[in-house]
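K.L.:
Below is one structure. I have some questions about it.
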Ligand SMILES: NC(=O)c1ccc[n+]([C@@H]2O[C@H](COP(=O)([O-])OP(=O)(O)OC[C@H]3O[C@@H](n4cnc5c(N)ncnc54)[C@H](OP(=O)(O)O)[C@@H]3O)[C@@H](O)[C@H]2O)c1
């Protein structure tokens, strides 16, 4: 496929690299105004440009990874140069209806909410689209299934998906950082602590994904009665571990809805 990514920042680059890795047959273009920081991507076969409209007429899918306040400028710039293109927008907080109004004519619009693990084909990407754009939506789902797991959701859950899936990367990394800090305190050097904490989190996630059972059932396999795991877990709960996470996620959602 020919994929044109507008907004070569954190997310745009992660998607571009992920797509370039999964199939060398894809032609990927990524744009931003100041390309100095992403010129290295051309070594992966990715076309890097500061021109949003160069070759855009050849794109199968246009992916928007710009900030919400940049959308009008970008849409007004590209609209005269495209007809009937799939536009997949990762721009948070901008609805399908608003995007459809801004793009005026009959471009199929799809909303996507990936995360930066797309770079390693491990994104949880939530996707929504209207019934009339089902065909385009399914193409985008298929594309993002190559970058991890693509999940079709109702649009009203897009803000929640942003928090749980996209912001969730930061929450999970903070868990890993805290484990690493504890690991150093109990005797490991930083690199070893990071390796153990990261792989353990990855292993736990893999079990939850593969076995599709409640995490507590997996926890039961690790907790010996009167053992060291359960006393540690209970102490974490006494200190508000689950509560802190739940409250943090709900606070992020309140912020996104402001
Ligand atoms: N980061 C995440 O984990 C994540 C996850 C899900 C969704 N999102 C959403 O994705 C969007 C991008 O987030 P981000 O974190 O990747 O932001 P970012 O790092 O700031 O990237 C935005 C990029 O857009 C470029 N840009 C700005 N104006 C442009 C224009 N007129 N033409 C072309 N490129 C332009 C900027 O580069 P120049 O200034 O050089 O042009 C910048 O590199 C946001 O709406 C965000 O909510 C982000």
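Any Cβ shown, glycine's included, is placed from N, Cα and C.
TrEMBL labels come from automatic prediction, so no person has curated them.
Straight from TrEMBL, here's the annotation block:
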DOMAIN    3-91  domain 'Pyrroline-5-carboxylate reductase catalytic N-terminal'
BINDING   6, 7, 8, 9, 10, 11  NADP(+) binding site
BINDING   52  NADPH binding site
DOMAIN    155-257  domain 'Pyrroline-5-carboxylate reductase dimerisation'
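Tell me about the surroundings of these features in the structure.
P.N.:
Residue 9 (NADP(+) binding site) falls within neither a helix nor a strand when secondary structure is assigned with DSSP, and so counts as coil.
Mapped onto three states, the DSSP output places residue 52 (NADPH binding site) in coil. Counting only same-chain residues six or more apart in sequence, the Cβ atoms lying under 8 angstroms from the Cβ of residue 52 (NADPH binding site) belong to 6, 31, 74, 77, 78.
Summarised as a single figure, the pLDDT of the domain 'Pyrroline-5-carboxylate reductase dimerisation' (155-257) averages 97.
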K.L.:
Residues near the NADP(+) site, 6, 7, 8, 9, 10, 11 excluded, by Cβ within 8 Å of the Cβ center?
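P.N.:
Result: 5, 12, 13, 30, 32, 65, 66.
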K.L.:
If you skip the near sequence neighbours and keep only those at least six away, which residues in the chain come within under 8 angstroms of residue 10 (NADP(+) binding site), Cβ to Cβ?
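P.N.:
In sequence order, 116 meet the Cβ cut-off.
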K.L.:
If I restrict to non-local contacts, at least six residues apart, and a C-beta distance under 8 angstroms, what lies near residue 11 (NADP(+) binding site) in its own chain?
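P.N.:
In sequence order, the residues whose Cβ lies under 8 Å from that of residue 11 (NADP(+) binding site) (at least 6 apart) are 65, 90, 114, 115, 116, 118.
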K.L.:
Within 10 Å of each Cβ, count the other Cβ atoms, then let me know which of the binding-site residues 7, 8, 9 comes out lowest.
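P.N.:
Least crowded of the binding-site residues 7, 8, 9, by Cβ count within 10 Å, is 9.
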